[in-house]
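Novice: The structure is given below, and queries will be raised subsequently.
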There are 2 protein chains.
Amino acid sequence: MNFSSKLLENAVAEFSKLPGVGQKTALRLVLHLLNQEKDEVERFGSAIVKLRNEILFCKVCNNISDQHTCEICTSHKRDRSTICIVEDTRDVMAIENTNQFNGVYHVLGGLISPMDGIGPADLEIDSLLTRIAPGEVKEVIFALSATMEGDTTIFYLNKRLKDFNINISTIARGIAFGGELEYVDEITLGRSIATRVPYENSLSR
Amino acid sequence: MNFSSKLLENAVAEFSKLPGVGQKTALRLVLHLLNQEKDEVERFGSAIVKLRNEILFCKVCNNISDQHTCEICTSHKRDRSTICIVEDTRDVMAIENTNQFNGVYHVLGGLISPMDGIGPADLEIDSLLTRIAPGEVKEVIFALSATMEGDTTIFYLNKRLKDFNINISTIARGIAFGGELEYVDEITLGRSIATRVPYENSLSR
């Protein structure tokens, strides 16, 4: 593109680095911000810089937090004997929105992915084992994506956890509620038949 | 959404204000930035703030520029007797990329749109008339979107320009190069028949 201004070109280049944002979209976003009031743009710029500089990660569960220990980990209403293992903070938010889980979380900060050069040492696995070691944890639930990376991570962690006396489970996989059978992929459908559950257990509470 | 951090919520709220960016996309972008180095994020934040604070608009054509007069308006190679009227800087960039235009531009900064409360007074129309008044301009080309707003703006400007002794034209409308007839909408196809051009004129140079 032929930019009439270096400042504009620079701002567009920065926006283009965001995932899923091409040069045309970046230009649209930048021109939108250019039309806003100066203090509005100042607020936008400082919000992200402030977040990056001041954000903390809960020293218990590694979730994004404003404090050294997050609200979930400090809450007296949560069941500390059940740990749900997730990839990142988005998964914590998604599960919290369901109101179906009253335990605590452990955020791995990624999944094992040899293709991307991410190994167990890059994830928050040691801190998980440290949490489990005292023996108060009774159950660990894997709530990871049903992908190659998710399965690899579960396989690895399952091996590391088998010496502890805890129940290990994964969230149920199968057809989605409201999903029409003819549109479900073969693997999901096949597995959902193989792992069928007694009717009484399938009723949502 | 249930944010675990006020800082995160704040940054996501700022990103959500961007056009076409919903809360989920905003969260994805913010988490991406959170994974970058601090100085990388600093550069992102300052690029947009610096742009907003330091950007200039060419005092001749109103295009975005780093100087008080833009490169096109100061260039001795450009034909100052032909002014191409466009909506915003993106259109200047698009036309410059074609290498088919050697005149100068005038950026209106928008289109007349009563629905959005944008009238002639909100656009750079007085500065256009001031440019044309001395009599050096021979032709004005309207390169505006073929929408209701574009047509309204052309209609209004045409009336304001008719007292000057200049040629007024609009960019050609019709089927796109490479476009298959069966997929062209009826209005475009109908108008392209009504405004057909002699075969020799249609050959691209």
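Cβ atoms here come from the backbone N, Cα and C positions, even for glycine.
Okay, so TrEMBL annotates it like this:
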- B:81-176: domain 'Toprim' (DOMAIN)
- B:58-73: zinc finger (ZN_FING)
Novice: As a test of reading the model: what is the averaged pLDDT for the zinc finger (B:58-73)?
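Specialist: A mean pLDDT of 92 is what the model gives the zinc finger (B:58-73).
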Novice: According to DSSP, how is the domain 'Toprim' (B:81-176) divided among helix, strand and coil residues?
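Specialist: For that range the per-state counts are 37 helix, 21 strand, 38 coil.
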Novice: Let's see if you can do this one: DSSP helix, strand and coil counts over the zinc finger (B:58-73), in that order.
Specialist: 3 helix, 2 strand, 11 coil
